[in-house]
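Straight from Swiss-Prot, the features:
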| type | residues | note |
| --- | --- | --- |
| ACT_SITE | HIS325 | active site, proton donor |
| BINDING | HIS139, HIS141, LYS222, ASP365 | Ni(2+) 1 binding site |
| BINDING | LYS222, HIS251, HIS277 | Ni(2+) 2 binding site |
| BINDING | HIS224 | substrate binding site |
| DOMAIN | 134-572 | domain 'Urease' |
| MOD_RES | LYS222 | N6-carboxylysine |
Amino acid sequence: MPHVSRKEYSSLFGPTVGDKIRLGNTELFIEIEKDLRGYGDESVYGGGKSLRDGMGANNNLTRDNGVLDLVITNVTIIDACLGVIKADVGIKDGKISGIGKSGNPNTMDGVTPTMVVGASTDAISGEHLILTAAGIDTHIHLISPQQAYHALSNGVTTFFGGGIGPTDGSNGTTVTAGPWNIRQMLRSFESLPLNVGLLGKGNACGYGPLEEQIIAGAAGLKVHEDWGATASALRYALRIADKMDIQVAVHTDSLNEGGYVEDTIDAFEGRTVHTFHTEGAGGGHAPDIIKVASLMNVLPSSTNPTLPFGINSQAELFDMIMICHNLNPNVPADVAFAESRVRPETIAAENVLQDMGVISMFSSDSQAMGRVGENWLRLIQTANAMKVARGKLPEDAAGNDNFRVLRYVAKITINPAIAQGVSHVIGSIEVGKMADLVLWDPRFFGAKPKMVIKGGMISWSTMGDSNASLPTTQPITYRPMFGAMGKTMNDTCVTFVSQASLEDGVREKAGLDRNVIAVKNCRNVSKQDLVRNNNMPNIDVDPETFAVKVDGVHATCKPVDIAAMNQLYFFG
């Protein structure tokens with residue numbers, strides 16, 4: 001049997017088991033753990049390559065016989081559930097139909113039965129690329145529709161949040177309030193190439209106002225301090241959530257007016273809740289909201305303004321808070337409110353707790369202190385900053401950072417999907433799930449995706465001058481592709497609602513053309529279900545110094561002055 005050198009093999013088919021890949025200009029290195037393809041029969045598209053008629057492409061089977069619509073060949077997969085593996089990925093009917101070996105079973109050994117290539121199949125060459133599940137951002141202030149395009153440009157295809165545009169309420173709270181607003185926002189998203197789940201206003205000490213929003217199309221509720229995050233409001237929201245199987249997100253009481261963090265924990269009554277700001281710079285009980293990350297029933301996330309913790313974080317946060325929450329810098333009480341939320345000690349601890357897998361999710365807080373187009377970027381920057389500051393994780397192998405990278409990838413893919421009740425549809429690269437996928441050049445991993453696949457079609461991509469002789473002619477910019485055009489979006493995008501809303505006919509009542517799918521299993525999940533991020537240590541906060549101790553050890557880090565993939569990667 002002929003042999004080729006590892007270097008030559010890599011140039012032809014990309015890396016394989018034992019090969020390592022550096023992510024961007026970070027200190028993070030992944031190593032391929034498993035190869036599902038089989039050597040010698042690789043599927044490759046191109047002149048003189050194997051995916052030709054009668055060779056790697058079957059010339060008898062039709063699409064109805066199971067032939068793929070699209071295959072991504074020889075790609076390196078980074079997925080929180082699968083690990084770091086090498087495989088072909090097959091897509092059919094907008095869903096992932098196979099992960100393994102693609103090709104023609106008449107001429108190739110070991111072809112995965114659901115991954116036959118034929119005349120109905122197109123191909124993306126993934127030999128020198130990385131594939132991840134698309135990002136899910138669960139903390140979206142719907143202030144401007146243009147957020148969608150910035151999110152896609154950083155590999156995010158799903159929004160959970162609320163708002164109706166640049167109202168002061170939307171600027172400060174992720175809430176779409178009331179049935180009329182909910183229906184109009186669902187209709188607006190018909191023209192945006194993203195999945196969406198809206199959060200209704202959970203601040204009501206009565207079941208009627210909450211239930212009508214859930215039936216109208218809200219996929220969850222948000223209890224926010226700006227509308228009054230009282231213990232009573234939390235109890236009502238959580239009780240209706242238990243009844244209707246939706247998630248409740250909470251931004252707790254920074255001023256401790258209605259009670260302290262212990263009172264809020266008591267109000268949870270052991271029920272599942274998604275804590276949005278598990279560190280208080282974005283809001284929440286001052287100074288110790290971070291303690292809730294140790295609880296089994298709390299699904300904790302935090303947002304990208306403080307991740308990674310940088311030398312300018314403290315300075316920029318004050319102005320952010322003043323603007324987002326309708327505060328006046330000439331009013332001493334408003335200034336004191338803003339200052340109470342910016343604590344370098346707890347911000348540093350937030351970074352450490354993310355690295356330890358204690359805070360489980362990573363979101364943006366779009367245009368309301370956070371940057372919607374930087375979620376993957378900040379995620380990988382934080383992972384790198386923590387490796388530099390804290391060294392290797394105990395779970396990592398000696399020669400790679402696979403566990404750390406997978407822990408962070410889980411924070412933006414499968415864990416938000418689990419928390420919001422959509423992991424049966426999106427969140428990981430698994431057979432049967434919607435093909436919401438992102439292809440990355442390893443040199444730009446986390447910073448700039450090469451291509452975004454939405455529901456099995458390319459919806460967003462780098463693209464050169466459309467009047468040029470090649471697709472790679474500069475200037476290369478992000479542009480919408482055919483998957484983001486016309487009626488195709490009805491098939492490639494999903495609107496998430498409650499089961500009660502689906503049964504009430506929200507699709508017909510709101511005049512929606514897109515796929516409408518119900519969230520589920522929101523109430524029977526716990527911290528233990530979150531992938532690679534389910535640690536629950538004891539957390540204490542010193543009320544005077546704000547120092548955070550995790551199992552008695554001071555959790556802190558220095559602010560970074562130089563972040564990976566920062567100015568070197570972005571001009572202007």
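Keep in mind that glycine also has a Cβ here, set from the backbone N, Cα and C atoms.
Looking at ASP365 (Ni(2+) 1 binding site) and HIS251 (Ni(2+) 2 binding site), their Cα atoms lie 12 Å from each other. As a whole-number mean, the pLDDT of the domain 'Urease' (134-572) in this prediction is 95. Look at the recorded positions HIS224, HIS325 and count other Cβ atoms within 10 Å of each Cβ; HIS325 has the fewest. Looking only at the binding-site residues HIS141, HIS277, the densest Cβ neighbourhood within 10 Å occurs at HIS277. In sequence order, ILE140, GLY161, GLY162, THR173, THR174, ALA249, HIS251, PHE276, THR303, SER363, SER364, SER366, ALA368, GLY370 are the residues of the same chain, not among HIS139, HIS141, LYS222, ASP365, whose CB sits within 8 A of the CB centroid for the Ni(2+) 1 site. Just so you know, of the binding-site residues HIS139, LYS222, HIS251, the Cβ with the fewest other Cβ atoms around it within 10 Å is the one at HIS251. Same-chain neighbours of the Ni(2+) 2 site beyond LYS222, HIS251, HIS277, judged by a C-beta within 8 angstroms of the site's C-beta center, are, in sequence order, HIS139, THR173, THR174, VAL223, HIS224, GLU225, ALA229, ALA249, VAL250, THR252, THR275, PHE276, GLY282, GLY283, GLY284. Taking HIS141, HIS251, HIS325 as the recorded positions under consideration, the smallest Cα distance to the residue listed as 'substrate binding site' is found for HIS251. Mapped onto three states, the DSSP output places HIS325 (active site, proton donor) in coil.
For the recorded positions HIS251, HIS277, HIS325, a Cα to Cα distance of within 10 angstroms from LYS222 (Ni(2+) 1 binding site) holds for HIS251. The separation of HIS141 (Ni(2+) 1 binding site) from HIS325 (active site, proton donor), Cα to Cα, is 12 Å.
HIS141 (Ni(2+) 1 binding site) sits 13 Å from HIS251 (Ni(2+) 2 binding site), taking the C-alpha atoms as the reference points.
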